[in-house]
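Below is one structure, written out as structure tokens, with a few remarks after it.
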Amino acid sequence: MATARTSASNSTCIVPHGEATSDDGSGRIHGDNDDMAEDADLASEEPCRAISKEERGWRRVACNCPPSCFAINMGTGVVSMTLHGLPYNAPWLQYTSYVIFGLNVFLFFAFLGLSIARYTMYPGTWWAMISHPGQSLFLGCLPMGFATIINMMVLCCKHWGPWLVHLAWLFWWIDILLSVATATSIPFIVIRVHKPALSSTTAALLLPIVPAVVAAATGGILAEALPDPERALTTLVVSYILWGLGECLSGCVLALYFHRLVVHSLPPREVLVSVFLPLGPLGQGGFGIQQLGKVAVRLLPRTHVFGAVGVDSTRGAETLYIIGVVMGMMLWGFALVWLCFALVSMATVRDLPFNMSWWGFTFPLGVWANCTGMLAVNLDSTFFKVATTIISLFVLLLWIMVSCRTIASGLFWR
């Protein structure tokens, strides 16, 4: 058990390590079946929960603000994006997306401030969190939540002027640094420090990797809005690299996770909702590769890309666009398989305990809805338009339900 003390007060912030107080979606669940079920309750007890009785008010809230709180930003941000991009839209839906976007900005900076206060008041908590097999995985939620804000800045506010697009571009580079840092460091920490057994592996291992895929899709949105072709081209190239980094590494984790399901069956019911997480890299990857192809068609003919070998840039861009649409359909179909697995898995269990892992519902389904919407545009398909509307409205209702239960359960101030 790791204990962090601050000189500013006599209170103690205690962070259990390797005990049954792991965060939701833990990548490691150890012990026999009973211990696994106990340890898997990822949000029943977060680190810093065992603080002294002297801690009250915002200090208690800050101490109970682990990285998994940014999963709320992910879920809230993706709802604003899905409502904004509905194929059958209405003014009131657009205004609703703006309101949710504003709420997401407020939540992000509130959680960011609380997190800074947490690790400032209790410095030892940072290292205890990094070494924790569950909470460290949720560091990827921060850049993913930040990316949803950048997306909506471009989609909703670019008419404010070029300055806002350039500000979003600056934020995107910060998001890239965070995404690459989590995608490269956290998996190594899992390998070197956590060393989870196969039976202990869950889909939460995707959380530090998916930010690279999300940043790639955000780059596609930004490249379309940037007025400078050179900056747009740089953004496009970097986004393709990020897409390959995140999508290929996610494929490795999906193969490992599928092997774990075949050999050791479903995860404990406390983390069963993590079976929806594979929809994240597949849905966002499908959306991102289509968006990058769409931007390539508009951007590359204005540059000298592929000119060194005599390839016409227009034909090259058209090829990238077609490849993007085809890969988008393939990833959409693969995500559909995982959705079926997840729904059947949920049907086998009753009385699922509510915890922070329930926020794992919204973002994967939301990005899958975005991928569906992009296919609807590229294929001019009524089926995909209707499917996008149904999935998006379901995500909205799910977000409302999880938000209400989060507030009612008092996860942050109890």
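Note: Cβ is positioned from N, Cα and C throughout, glycine not excepted.
Fair warning: this is a prediction, and the values are worked out from it, not measured in the lab.
Listed in TrEMBL for this protein:
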- 1-35: region 'Disordered' (REGION)
- 1-13: compositional bias 'Polar residues' (COMPBIAS)
- 61-83: transmembrane segment (TRANSMEM)
- 95-117: transmembrane segment (TRANSMEM)
- 137-161: transmembrane segment (TRANSMEM)
- 167-191: transmembrane segment (TRANSMEM)
- 203-223: transmembrane segment (TRANSMEM)
- 235-259: transmembrane segment (TRANSMEM)
- 271-289: transmembrane segment (TRANSMEM)
- 320-344: transmembrane segment (TRANSMEM)
- 356-377: transmembrane segment (TRANSMEM)
- 383-404: transmembrane segment (TRANSMEM)
Counting only CB pairs under 8 A, let me know which of 137-161, 203-223, 271-289, 356-377, 383-404 has the most with the transmembrane segment (95-117).
137-161
Run the contact check on the transmembrane segment (167-191) against the transmembrane segment (235-259): 3 or more C-beta pairs under 8 Å, excluding pairs closer than 6 in sequence.
yes
Please work out which recorded stretch in 203-223, 271-289, 383-404 has the most C-beta pairs separated by under 8 angstroms from the transmembrane segment (61-83)?
383-404
Using Cβ atoms and a strict cutoff of less than 8 Å, what residues sit near the transmembrane segment (383-404) while being 6 or more residues removed from its termini?
75-76, 78-79, 82-83, 85-88, 358-359, 361-362, 365-366, 368-369, 372-373, 375-376
